[in-house]
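*Asks:* Provided herewith is a single structure, encoded as structure tokens, for subsequent inquiry.
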Amino acid sequence: MLLLLRRTVPLLSRRFASCCPSAVPKPILASSVLLNLGKINGSIHSSFFGSVSGQNTGTMPERRPFVRLPTDVYPVNYGLCLRPDLIDFTFDGKLEAQVEVTQATNQIVMNCADIDIITASFAPDGGDEINATGFNYQNEDEKVTLSFPSALQKGSGTLKIDFVGELNDKMKGFYRSKYTTPAGETRYAAVTQFEATDARRAFPCWDEPAIKATFDIALIVPKDRVALSNMNVIDRKPYPDDENLVEVKFATTPIMSTYLVAFVIGEYDFVESQSSDGVTVRVYTPVGKAEQGKFALEVATKTLPFYNDYFNVPYPLPKIDLIAIADFAAGAMENWGLVTYRETALLIDPKNSCSSSRQWVALVVGHELAHQWFGNLVTMEWWTHLWLNEGFASWIEYLCVDHCFPEYDIWTQFVSADYTRALDLDALDSSHPIEVNVGHPSEVDEIFDAISYSKGASVIRMLHNYTGDEDFRKGMNAYLLKFQHKNASTEDLWDCLAQASGKPIAAVMSSWTKQMGFPIIVVDQEQQGEDRILKISQKKFCASGPHNGEDCPSWMVPISICTSEDPKCSKLKFLLDKAETTVTVSGIGPDQWVKINPGTVGFYRIQYSSSMLESLLPGVRDLSLQPVDRLGLQNDLFSLSRAGMISTVEVLKLMEAFINEPNYTVWSDLSCNLGVLSSLLSHTEFHEEIQEFIRDLFSPIGLRLGWDSKPGEGHLDALLRGLVLGKLGKAGHKPTLEEARRRFKEHVEGKQVLPADLRSPVYLTVLKHGDSATLDTMLKLHKQADMQEEKNRIERVLGAISAPELTQKVLNFALSEEVRPQDTVSVIGGVAGSSKLGRKAAWKFVRDNWEELYNRYQGGFLISRLIKLTVDGFAIDKMAAEVKSFFESHPAPAAERTVQQCCENILLNAAWLKRDADDIHQYLLQRKAPPV
């Protein structure tokens with residue numbers, strides 16, 4: 001499953017509204033003088049959070065007891081027939097499951113939620129049918145116990161259950177999705193989303209990833225509807241009881257987990273192709289929009305053979321369908337053979353889709369198709385190992401996109417979009433280890449977060465670099481072959497990779513997956529003749545400053561070192577497996593620089609001595625450091641400034657060194673960090689001064705790029721132009737504002753349609769400096785938009801409007817019928833991220849409408865995102881107490897950790913502001929002062 005983590009960067013401070021909406025986000029920098037933090041607010045943290053885990057264990061908040069299903073009866077095959085009613089939003093179902101009884105029992109315990117069982121019986125092979133005499137629902141645990149009058153004997157048999165359920169509107173289980181026909185009529189499709197624990201809402205089942213079986217699925221549906229499932233259709237015939245219905249039967253699936261089962265009933269068009277290895281690929285789109293499926297089709301047909309070759313294991317099904325679902329909570333879901341997507345993660349209109357949308361679709365398709373092997377063919381044994389599924393797919397999607405679209409420079413973007421975001425979140429005391437013991441279903445949603453996805457992907461990237469590509473592929477192939485159609489744990493993968501590489505994989509990796517956090521690598525140097533002696537040590541990095549307590553955790557850290565002689569090539573590699581060490585880099589003159597972690601692959605922050613940092617700065621100005629390392633250097637320094645280890649003024653000085661920077665991703669990171677600073681300083685009297693700093697920094701690159709694309713420009717130029725113009729417009733750069741207004745007027749009047757890549761920055765700019773007429777025009781454009789991407793583009797920037805009564809209008813709009821349920825969150829988040837007043841208004845709105853919002857998302861991950869986007873930017877201690885208090889009286893179990901992280905971020909912001917605000921103000925004033 002892919003969440004919408006990347007596009008909206010959920011580190012609190014890194015809210016999407018701080019960045020240009022067309023960016024594919026993240027952070028930035030600092031410089032030399034290393035100031036002593038003294039005491040930040042560690043004491044506040046420990047007393048404030050109470051139940052937050054210790055430094056190193058990251059235990060979940062207090063949990064209720066949970067017991068997995070008994071193993072005395074297990075399924076071998078599910079024969080499942082479902083008949084949804086698309087008018088009354090109910091469904092009825094018949095289950096005939098071939099089961100194995102491993103020891104005599106007079107009851108069968110299964111998962112079941114929001115389903116009423118009508119009848120149930122068990123027939124042993126060759127024996128008489130025994131009717132169940134009782135159904136005991138344990139609603140809290142989402143289980144049902146079927147009781148039988150006599151013991152079911154060991155052996156095979158058939159379990160039959162007739163049941164009814166509701167096509168809910170909660171975007172989980174078997175649910176209804178609203179769409180509008182080309183003629184303007186409102187209709188509903190019936191669709192599924194089962195991961196993690198919602199197959200039980202569609203049929204009684206053993207809903208645990210390790211209890212695999214085959215499935216024979218049949219759907220009884222209106223004859224004018226498309227019916228899809230994991231496998232290909234083998235029979236479609238009229239339904240005897242109703243001439244308006246047909247019964248559609250699908251081929252038997254391979255052995256698979258329940259969370260990967262899927263079915264869709266609705267109205268769709270499709271485009272079709274065949275991959276070079278003979279798999280039929282279809283992309284299903286809303287009616288009349290088949291053209292918009294062509295880009296995803298092209299990506300999918302290139303991706304399947306790429307994975308086939310990379311894993312050296314063929315795709316095991318005859319077909320794969322990719323389908324766009326109107327109401328969809330996540331980004332996409334990897335159901336085997338029937339992958340479901342948000343419309344914005346699958347559909348591309350050549351005229352109206354921007355470059356970042358094309359890139360997003362390519363990444364999401366790459367992510368979900370990777371799961372067809374890694375997750376579907378071999379599945380985690382339990383949700384504790386979810387990170388392996390998601391971290392791996394989040395890493396390899398980049399490998400795949402790099403293969404399909406080398407011009408995207410996607411690995412540099414990985415560092416900004418995933419790696420630095422994971423570092424930010426994992427520096428909090430309220431983070432958690434990659435591997436989290438999960439029990440009750442309500443806990444599972446909570447670990448679908450940036451640690452499982454982005455830190456998971458980052459440590460796998462580090463592991464891939466440590467083992468080398470050839471051994472990594474060899475180990476992956478062995479793992480997939482050994483565990484295909486079975487379940488595996490993290491340790492099983494480590495064993496296969498260790499055998500292939502001969503390296504201590506488990507010992508190295510367990511220090512990254514079983515404890516939370518990461519190290520800061522502290523480096524000092526001394527020149528001796530032609531040798532550079534480096535003293536390198538590690539300690540845990542915390543967002544509130546370095547960990548100075550007893551029993552400091554340590555990591556096994558793959559360290560690589562490059563020099564100015566060849567910035568792309570490691571001159572020395574070793575494994576740091578103790579607190580500190582000294583290494584010698586030979587053949588280096590005193591005027592050459594030394595850089596740790598070339599490629600920014602190792603998952604750690606670096607603190608250089610002043611002299612080492614000074615020597616690296618020219619590499620930023622003259623671009624001799626590779627882009628990913630320019631980005632990594634400033635990102636580390638920005639993070640050190642937030643932690644109070646250096647002054648934020650040093651960061652601002654370094655930012656000014658990026659005046660010649662040509663690279664989109666480096667600018668994107670810089671932009672995000674400036675967004676964080678701007679948000680922080682909105683709590684001061686000198687917010688305008690940081691806007692002036694932003695205008696000064698971005699004007700030269702804005703001037704170089706201009707408004708219109710030039711011959712020979714590519715994907716990254718388009719992304720950079722959108723980013724820079726949006727940044728300048730939001731900061732009130734007059735020429736940008738005037739040109740944006742002129743182009744917006746022509747766009748609205750139909751004289752000159754804005755290119756898709758310019759729409760976000762123009763919309764943002766005119767709204768930020770607009771009035772009620774501007775907002776009304778924008779809402780009209782939203783209503784007229786035929787494409788979800790355009791609606792979302794507008795929704796994400798509406799919050800930029802400044803006047804309080806208009807902000808309220810936007811918040812009310814977020815909950816209106818005009819906005820799809822899954823998109824309400826980004827409208828409210830846009831308001832919260834726009835200004836100090838917006839933040840207050842959004843938080844009040846969430847509190848006032850909590851019941852409706854909580855009911856809408858039923859405690860899923862969207863509720864966590866909503867909380868994060870709304871409160872993460874506060875910077876006053878008392879707001880942390882207010883947030884904590886609100887969620888104590890309005891519990892949201894799936895977002896407990898998110899609430900802790902938000903409160904911690906608020907306290908960190910407040911400490912940062914107290915510590916550095918005056919110095920920042922002085923610096924911003926004196927940089928404009930005339931020379932004496």
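The backbone N, Cα and C atoms fix where each Cβ goes, glycine too.
Heads up, TrEMBL stuff is auto-annotated, nobody curated it.
Sharing the record's features from TrEMBL:
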{"type": "DOMAIN", "residues": "75-260", "note": "domain 'Aminopeptidase N-like N-terminal'"}
{"type": "DOMAIN", "residues": "295-512", "note": "domain 'Peptidase M1 membrane alanine aminopeptidase'"}
{"type": "BINDING", "residues": "His367, His371, Glu390", "note": "Zn(2+) binding site"}
{"type": "ACT_SITE", "residues": "Glu368", "note": "active site, proton acceptor"}
{"type": "SITE", "residues": "Tyr453", "note": "site 'Transition state stabilizer'"}
{"type": "DOMAIN", "residues": "593-906", "note": "domain 'ERAP1-like C-terminal'"}
*Asks:* Using a 10 Å radius around its CB, how many other CB atoms surround Glu390 (Zn(2+) binding site)?
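*Replies:* That number is 27.
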*Asks:* Within the chain of His371 (Zn(2+) binding site), which residues six or more apart in sequence place their C-beta under 8 angstroms from its C-beta?
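*Replies:* The answer is Glu334, Asn389, Ala393.
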*Asks:* Can you grab the distance from His367 (Zn(2+) binding site) over to Tyr453 (site 'Transition state stabilizer')? Cα atoms, rounded to a whole Å.
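*Replies:* So the alpha carbons of His367 (Zn(2+) binding site) and Tyr453 (site 'Transition state stabilizer') sit roughly 11 Å from each other.
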*Asks:* Name them in sequence order: residues not among His367, His371, Glu390 whose Cβ is within 8 Å of the mean position of the Cβ atoms defining the Zn(2+) site.
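*Replies:* My list of surrounding residues reads Met1, Leu2, Glu334, Glu368, Ala370, Phe374, Gly375, Asn389, Phe392, Ala393, Ser394, Glu397.
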*Asks:* So how many other Cβ atoms are close to Tyr453 (site 'Transition state stabilizer'), meaning within 10 Å of its Cβ?
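*Replies:* Cβ-Cβ neighbours of Tyr453 (site 'Transition state stabilizer') within 10 Å number 28.
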*Asks:* Roughly how many Å separate the Cα of Tyr453 (site 'Transition state stabilizer') from that of Glu390 (Zn(2+) binding site), to the nearest whole number?
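*Replies:* Given the Cα positions, Tyr453 (site 'Transition state stabilizer') is 5 Å from Glu390 (Zn(2+) binding site).
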*Asks:* Do you know offhand how many angstrom separate Glu390 (Zn(2+) binding site) and Glu368 (active site, proton acceptor) by C-alpha?
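*Replies:* One finds 10 Å between the Cα atoms of these residues.
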*Asks:* Quick one: give me the count of other CB atoms within 10 A of the CB of Glu368 (active site, proton acceptor).
*Replies:* 29
*Asks:* Per-residue pLDDT averaged over the domain 'Aminopeptidase N-like N-terminal' (75-260) comes to what?
*Replies:* 96
